[in-house]
Structures are given as structure tokens and as C-alpha cells.
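A short worksheet on the structure shown next.
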């Protein structure tokens, strides 16, 4: 976790600017629980147009990249599962976490960039139809490993020893004369999740809210299919009895 911003400010200083009963406001303020949020965004200058994030997003929350436009996260559809960040072969997707809390009569506000593990990616097969290729060089422009060397309108060379198999070249090729087959590793489970059956009241709100239908009714309780779960935390947020817990693995 990399700290980007850290602010500490006296609670008394903040409350002094608020009208009303200072003693009452101070007591209420100290009972406020920490507020957290998470934001994912794509660095447009680093995006290589491979569209792996678009293809791997389980809730279709990413707009497909085009030659002149990077991929884009659709905020109101994103469930913050971090799969896109794990999948991006060049680390162009950032996960930012913010937290505000009152501690020792101070308001603490921090913004951090979360360290994300990356799925393995490996080239399996590469095909270039040289008869169709117009040697425009767009593929070379977006190749993140400089595996493609092109002389505009004259020649193109691909060094497969350098190719990682991201498929950016195939995505941007105007003639669709490149085919790439890759091996993509499993999503890395950085968190775990459990249902406390003693707290679960069987309201089934979590089942209704799960974006990928990974929760099933289990008698008068619920159970989570961990193989299917994307660990987005939506069920944790909506559970009225705090029966679902999710935590970071060490």
C-alpha cells in the first residue's frame, strides 16, 4: 500500500467552525465510525488497447478501448472486484482506497494506492497474415514490449521471444490480420469471505444484490460459492445484520 495523501486535523478546530451546541456535536462526532471508499481508474497514457480488462470484467463495467480512445471504467456499474487491475498486463489500472476516521481528537484522512498482484499471461500462438497486412505500423505503436518492428508501408517483423501475448496488436490492427492466443492465469484471491450463520437472518438481500449470482439459499440461511465469488463486497455492504465478513489475506 502506497500512501498518496495523509491529512491530520484537530477535531476542535473543525468543530469550531460549526454552529450549535459544541459539546453535543463533539460527542456525536466521536461516535462516527470510519468512512472508507475505493476507486478504480485507468491511466489513459499507459493503456495499450489490449482490451483484456474489457473481456475479463465479470459485470461489463468497462468500455472497450479503440485506437484513439483508452478503455474506461463505467463507475455506476463497477463493483470494485479488482479483476481488471489484476489482468492489465502493463499496470495501467490503479486501485485507490480512502479512509476518514476520528482518532485521539483528530480527524485522519488518508488516500492510498493499493498494491495489486498480476495474473500471469503467456503467448501460446501468434499468426500474422502478411498478404493482408498493409504495414501501417499501428500494432508496433501499441506493443508494450517492442516485439514488433515496422517500417511504414514497407516491412514488419515480430520477435516472438519478446511477445507476452497481450493481444494489443490484434485489437488495433485495422485489417484484423493478426491472431493471438494466450494463456491467462487464474484471478488471484487476495481476500476471503464468510457468512456467520449465527448472525444470518435469511433475509436473502445478499442473494438479490450479488452481481454474479454467487450466493444461494441454504435452508433458512445463505451460503457463498467461493469458486464463483469475485469478492466485490457488495453482499457485505447490504447485509443488515453484518453477518457477512470479508478480509484481506495476509
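Each Cβ is built from the backbone N, Cα and C atoms, and glycine gets one as well.
As recorded in Swiss-Prot:
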- 47, 50, 53, 57, 78, 81, 84, 88, 133, 136, 139, 143, 163, 166, 169, 173, 200, 203, 206, 210, 229, 232, 235, 239: [4Fe-4S] cluster binding site (BINDING)
- 38-67: domain '4Fe-4S ferredoxin-type 1' (DOMAIN)
- 69-98: domain '4Fe-4S ferredoxin-type 2' (DOMAIN)
- 124-153: domain '4Fe-4S ferredoxin-type 3' (DOMAIN)
- 154-183: domain '4Fe-4S ferredoxin-type 4' (DOMAIN)
- 191-220: domain '4Fe-4S ferredoxin-type 5' (DOMAIN)
- 220-249: domain '4Fe-4S ferredoxin-type 6' (DOMAIN)
Long-range neighbours of the domain '4Fe-4S ferredoxin-type 2' (69-98), counting only residues six or more past its ends (CB under 8 A): 1, 4, 36-44, 46-54, 56-63, 109-114, 116-119, 121, 144, 164, 166, 184, 187-188, 190, 211, 230-234
Proximal but sequence-remote residues of the same chain as residue 57 ([4Fe-4S] cluster binding site) (Cβ under 8 Å, at least 6 apart): 83, 84
Cβ neighbour count (within 10 Å, all chains shown) around residue 163 ([4Fe-4S] cluster binding site): 20
Secondary structure content, the domain '4Fe-4S ferredoxin-type 5' (191-220) (per DSSP, counts of residues): 5 helix, 9 strand, 16 coil
